[in-house]
Each structure stands twice: as C-alpha cells, then as structure tokens.
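Undergrad: Supplied in structure tokens, the structure appears directly below.
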C-alpha cells in the first residue's frame, strides 16, 4: 500500500494574494484586515492586493471578477451582525454560497473570512479584542495557496 499525504505550509514567499474586504462594519473589518496583513507579513507574503467593496453581498461578484488574475488565493473578509429582520440570514446564505461557487468554478482557494455574529459584542470579540480571526483566515489562505501549488506541480495519480 502506497500512502502519500499532501498539505500546505505557512511559507508566504512568492505568493500573490488578493483580499476582498467589506467596508460595511468597517471598524470591525479593518481589524480583520490588520490581522490578516500582520499574518501575511510575518509569513513572508510579498504581494497582497486589497479590493474594498461596499458590503459583504458584493464580495462574491468581486471575487469572481479577480479570480482569473493570477492570484494564488483570495481571502474574503467581512462582518455580518444579526439584526431583528431576516436580512442577516439572507445575506449570510448568499455570500457563503457565492464564495464557494466561485472557488469551485475557478479552481482557486477562496477563503471564507466572513465573521457571522449574533450581536455587536460577539462581532467585536471575534474581530480583534479576544482574538483576531483575520490572522487565522490569512493563515488558512497561505496554507491553501501552498497546497494548490503542490497539487499543480504533482501530476501523479
């Protein structure tokens, strides 16, 4: 029996990363972006392009537009806070579906860095006070970019 394991690593050298970030809830999304940029810097990523969009709903179409521009991976960042209407559920559902669809159709890792929160306190704690999910999402972005590079180099069955 021949067993081979493929996994990405956290070396950012030579990676070209795109980040699509929502301006809605910008106090929080900016913290996510700071965390992501900190991670990219610490891991040696030299090229990061940031695309700002009005809200999370605009993220999937922007990701689709830039997916063919030679990026190794794309990180989508946003914060959705549940309100008293169904808007939260509708947006969260469509954004997650859209991001997954683009990733599958284009064959590029698109990392879902959208923080869903029940309230503002939870959103704040996930966006930089207790922990910064932006850093974690960026680490996943690096790992997946490297895994896809390895898969592209290996044509074995």
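Cβ coordinates come from backbone N, Cα and C, glycine included.
Sharing the feature lines straight out of Swiss-Prot:
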type     : residues                        : note
BINDING  : 24, 56, 57, 58, 79, 80, 81, 112 : 5-amino-6-(D-ribitylamino)uracil binding site
BINDING  : 84, 85, 126                     : (2S)-2-hydroxy-3-oxobutyl phosphate binding site
ACT_SITE : 87                              : active site, proton donor
Undergrad: Hey, what's the Cβ neighbour count for residue 126 ((2S)-2-hydroxy-3-oxobutyl phosphate binding site) at 10 Å?
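TA: Its Cβ has 21 other Cβ atoms within 10 Å.
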Undergrad: Write down the Cα-Cα distance for residue 87 (active site, proton donor) and residue 80 (5-amino-6-(D-ribitylamino)uracil binding site), rounded and given in Å.
TA: 10
Undergrad: In angstrom units, rounded to an integer, how far apart are the Cα atoms of the residue listed as 'active site, proton donor' and residue 81 (5-amino-6-(D-ribitylamino)uracil binding site)?
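TA: Here the two Cα atoms lie 10 Å apart.
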Undergrad: In the three-state scheme derived from DSSP, which category covers residue 126 ((2S)-2-hydroxy-3-oxobutyl phosphate binding site)?
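TA: Assignment for residue 126 ((2S)-2-hydroxy-3-oxobutyl phosphate binding site) reads helix.
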Undergrad: Please report the Cα separation of residue 81 (5-amino-6-(D-ribitylamino)uracil binding site) and residue 126 ((2S)-2-hydroxy-3-oxobutyl phosphate binding site) in Å, rounded to an integer.
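TA: The Cα atom of residue 81 (5-amino-6-(D-ribitylamino)uracil binding site) is 12 Å away from the Cα atom of residue 126 ((2S)-2-hydroxy-3-oxobutyl phosphate binding site).
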Undergrad: Residue 112 (5-amino-6-(D-ribitylamino)uracil binding site) to residue 126 ((2S)-2-hydroxy-3-oxobutyl phosphate binding site): how many Å between their Cα atoms?
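TA: The separation of the Cα atoms works out to 14 Å.
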Undergrad: Taking the binding-site residues one at a time (80, 81), which has its Cβ surrounded by the most other Cβ atoms within 10 Å?
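TA: Result of the Cβ crowding comparison: 80.
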Undergrad: Tell me the Cα distance separating residue 126 ((2S)-2-hydroxy-3-oxobutyl phosphate binding site) from residue 58 (5-amino-6-(D-ribitylamino)uracil binding site), rounded to the nearest angstrom.
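TA: About 22 Å separate the Cα atoms of these two residues.
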Undergrad: Hey, how far is residue 57 (5-amino-6-(D-ribitylamino)uracil binding site) from residue 126 ((2S)-2-hydroxy-3-oxobutyl phosphate binding site), Cα to Cα, in Å?
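TA: Approximately 20 Å lies between the Cα of residue 57 (5-amino-6-(D-ribitylamino)uracil binding site) and that of residue 126 ((2S)-2-hydroxy-3-oxobutyl phosphate binding site).
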Undergrad: Validating a neighbour-count step here. Other CB atoms within 10 A of the CB of residue 58 (5-amino-6-(D-ribitylamino)uracil binding site): how many?
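TA: The answer is 19.
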